[in-house]
Amino acid sequence: MEIEKKDIRALTKEKLRDFFVDNGDKAFRGNQVYEWLWSKGAHSFEDMTNVSKETRAMLERNFVINHIKVDKMQKSEDGTVKNAVRLHDGLLVESVLIPTETRTTACVSSQVGCSLDCNFCATAKLKRMRNLNPDEIYDQVAAIDKESRLYHNRPLSNIVFMGMGEPLMNYPNVMKAIEKITSDEGLGMSPKRITVSTSGVTKMIKKLADDEVKFKLAVSLHSAVEEIRNKIMPFTKNFPLTELREALEYWYAKTKSRVTYEYVVWKGINDDKKSIDALVKFCKYVPCKVNLIEYNPIDDGEFQQASEESINAYISALEKADIVVKVRRSRGKDIDAACGQLANKDAE
Ligand code: SAH
């Protein structure tokens, strides 16, 4: 009878060392293999050239390496690259490489589909299929790092968890992936260059603070008026703005790290004075900055980008209140790689 082989990358370094000792080899062999699996990104046991043939065959008998596979790569006119990533069980997620003059940012997914139900987001139309494993998250980053070196002659500089899914609904795996990304045995990246974005899962924001994480936090706010927020992001009925405020105050007290609010202005939804005043007021609670994101239409006609005047009204009100505000133009729109457009549209 064929026994189901385990994914070797689900083992910690200690477990891998134990495995070799239990099989009559040296613990050191575990370090070697671990290095192949992570910092050297080996896709097969064959690749592990400083490991004996017998050992490789023994590993082959016991384990598989569940590596992601970039199925399809699309390049935008503006240099943005979207990867359709095939997982070991056949499911797909997407991740994006966003180059600017000075940096390369990876936008990675944390779930297949999404747990939440934001009405303006294409990913939310796919129901959540499953959480990504730590190695599936790590692999997306490693793949983009490779692409960055290949196309831009420089390593990846930043990571944003703004792809498919709600990272804080897959908390342990996202944390494990970030641990690996920032460790010297992984990619050795600074946590300061990583941003985790949440739609506002308040309990988990507090947990991040308790865990004293060193990465940055972004919150997709979109409205500081309860009724509007509840309407466009129905799940927020369970996470009222007062709770969000309290969680963010807790976050700031513990981490002293400024929060970024992501905010899209839509015609007839949040382009009125009441919405602007509410945002300015909300921004006073904790040190923050606001990114006004351009809306990327998702073909359902319900939401439309607000006028230039409305955006300017937001900018002047925020600036008048000494709040840092930036307008973020979308990248990769022509290949459906922009915020909220990731929905495996071209990949099936
Ligand atoms: N679930 C997390 C991670 C996804 S980040 C979160 O919501 O923060 C994706 C960002 O793109 C979020 O700020 C989201 O609100 C925004 N977004 C979703 N759909 C969009 C659209 N159609 N146009 C512009 N931004 C969108």
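Glycine is treated like the rest: Cβ placed from N, Cα and C.
Pulled from TrEMBL, these are the features on record:
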ACT_SITE  Glu94  active site, proton acceptor
ACT_SITE  Cys339  active site, S-methylcysteine intermediate
BINDING   Cys114, Cys118, Cys121  [4Fe-4S] cluster binding site
BINDING   Gly165, Glu166, Ser197, Ser220, Leu221, His222, Asn296  S-adenosyl-L-methionine binding site
DOMAIN    100-334  domain 'Radical SAM core'
Cys121 ([4Fe-4S] cluster binding site) as reference: those recorded positions from Glu166, Ser197, Ser220, Leu221, Asn296, Cys339 with C-alpha within 10 Å of it: Asn296, Cys339
Nearest recorded site to Glu166 (S-adenosyl-L-methionine binding site) by CA-CA distance, among recorded positions Glu94, Cys114, Cys118, Cys339: Cys114
Cα distance (Å, whole number) from Cys114 ([4Fe-4S] cluster binding site) to Gly165 (S-adenosyl-L-methionine binding site): 4
Protein Cβ atoms within 10 Å of Cys114 ([4Fe-4S] cluster binding site), excluding its own: 26
Neighbourhood of ligand 1 - recorded positions from Glu94, Ser197, Leu221 with Cβ under 6 Å: Ser197
Reported mean pLDDT - the domain 'Radical SAM core' (100-334): 95
Candidate with sparsest Cβ neighbourhood (10 Å radius) among Cys118, Cys121, Leu221, Cys339, the listed recorded positions: Cys118
Pairwise Cα distance for Ser197 (S-adenosyl-L-methionine binding site)/the residue listed as 'active site, S-methylcysteine intermediate' [Å, integer]: 12
Cα-to-Cα gap, Ser220 (S-adenosyl-L-methionine binding site) vs Cys118 ([4Fe-4S] cluster binding site), nearest whole Å: 10
Cα-to-Cα gap, Asn296 (S-adenosyl-L-methionine binding site) vs Cys118 ([4Fe-4S] cluster binding site), nearest whole Å: 14
Winner by Cβ contact number (other Cβ atoms within 10 Å) across the binding-site residues Ser197, His222: His222
